[in-house]
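Input: a single structure, listed below in structure tokens.
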């Protein structure tokens with residue numbers, strides 16, 4: 001395994017926990033941005049362009065006959081093929097949260113309709129279902145199984161809001177586990193049917209599910225009711241005869257008590273399990289290899305990458321499978337960066353260079369991470385993971401980006417342990433956190449004097465309230481040594497009032513006055 005850090009160049013504030021990723025022909029697209037889409041990218045979908053360890057986000061587009069797709073966070077997604085060996089595929093998107101924290105119960109189909117060297121166009125279609133339609137939810141999984149020449153989608157788990165009849169004023173937006181029902185969805189006929197299995201007693205969310213042929217394995221997951229991470233490994237077998245489908249569940253030994261984990265496929269029958277949480281305040285830094293052969297599953301511990309100190313010491317992390325054995329990982333950067341909502345990102349490659357080839361993903365994977373939004377959860381709640389999702393993209397030119405972080409100074413060029421001023425007291429050997437937002441590096445702020453330079457917030461005697469206010473406001477900051485110079489530069493010169501010449505009054509035209517004899521002569525001629 002190899003771990004490589006990537007720098008975000010454009011639109012980095014949109015890369016927040018809860019996004020989804022989708023891989024179409026080797027191109028990775030991001031769906032489910034933070035907030036509602038802007039005019040610069042009305043679809044809310046971006047192409048992730050990674051070159052020379054730089055991550056750029058370029059706006060994407062849909063075909064004209066596509067339906068509207070809101071930016072959903074934590075939906076269930078999976079790849080759908082006409083059969084297990086087909087080359088063409090599309091993605092299924094179900095559920096998720098809107099920017100208003102409303103839950104969706106709709107199902108969308110995303111497919112690639114055209115592709116050129118500079119543009120890929122996608123189509124989004126909303127599907128209607130009948131029967132036992134699953135309620136609106138998030139943090140669940142959906143997979144596709146194949147049996148007896150037929151295929152069906154299987155939906156399980158997730159969370160939803162408390163029913164209206166049970167809500168109170170204090171807990172109006174509280175969430176609960178969805179019932180542990182298994183839903184079989186036949187998209188060809190647009191029908192859905194739910195199954196209750198005695199082996200599935202507790203609702204699960206943000207678990208991992210891996211499907212192969214007619215079997216789905218469910219691993220880990222978090223239960224709100226018991227506040228536990230399930231140690232069981234469930235095996236769902238779906239049989240599709242001519243009559244009614246048959247669904248059976250078996251509890252297998254060898255499960256892992258984990259939530260918010262990520263799965264990536266490295267071969268036809270081999271997968272790697274990365275990340276997740278053992279508990280609310282303990283990340284899982286161990287990696288596992290999952291092998292599926294002959295209706296059996298084997299989970300063994302594998303060699304983990306050399307995690308960076310930032311990853312080891314951060315409390316939360318998130319990520320998603322990028323396809324072809326690669327995983328995109330993110331850690332919060334609020335403790336280290338002045339730019340609000342910025343994160344640090346890494347790409348974990350689980351395959352060797354000689355194995356990194358174009359492959360068909362026969363086995364369906366659906367990994368979900370994390371539990372709640374930062375505003376809804378405790379600081380040590382599960383991280384929130386990127387997931388799959390497709391969109392069309394129009395990536396004609398580099399200047400299509402509405403925001404480019406190349407314009408911002410990078411504090412990493414000078415480092416955190418510089419002597420920022422004559423009275424600087426920050427030393428790498430003796431430094432201890434001063435602000436509550438600091439973790440393992442001192443907070444810094446950019447002085448806009450001249451070409452700009454970074455200074456320690458502690459050395460500038462900034463209070464924590466002022467530091468947070470400066471980080472949120474779009475204003476220039478000047479350090480103690482340059483504040484007086486800046487005031488002198490900002491003092492405007494007095495400009496005298498311009499004197500305007502007075503306007504000349506308009507002259508009235510003179511009119512001829514007629515005497516009385518002349519008036520009589522004029523009237524006489526007029527009536528003659």
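Using the three backbone atoms N, Cα and C, a Cβ is placed for every residue, glycine included.
The domain 'Recombination activating protein 2 PHD' annotation in TrEMBL covers 415-492.
Neighbour count (other Cβ atoms within 10 Å of the Cβ, all protein chains): 21 for residue 459 (Zn(2+) binding site). The Zn(2+) binding site annotation in TrEMBL covers 420, 424, 447, 453, 456, 459, 479, 482.
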Winner by Cβ contact number (other Cβ atoms within 10 Å) across the binding-site residues 424, 479: 479
Lowest local Cβ density among 453, 456, which the record lists as binding-site residues, within 10 Å: 453
Residues flanking the Zn(2+) site, with Cβ no more than 8 Å from the Cβ centroid of 420, 424, 447, 453, 456, 459, 479, 482 and excluding those residues themselves: 421, 445, 454, 455, 460, 480, 481
Cβ atoms near residue 482 (Zn(2+) binding site) (within 10 Å, other residues, all chains): 17
Which same-chain residues, if any, lie at least 6 apart from residue 447 (Zn(2+) binding site) yet have Cβ under 8 Å of it: 453, 454, 455, 477, 478, 479, 482
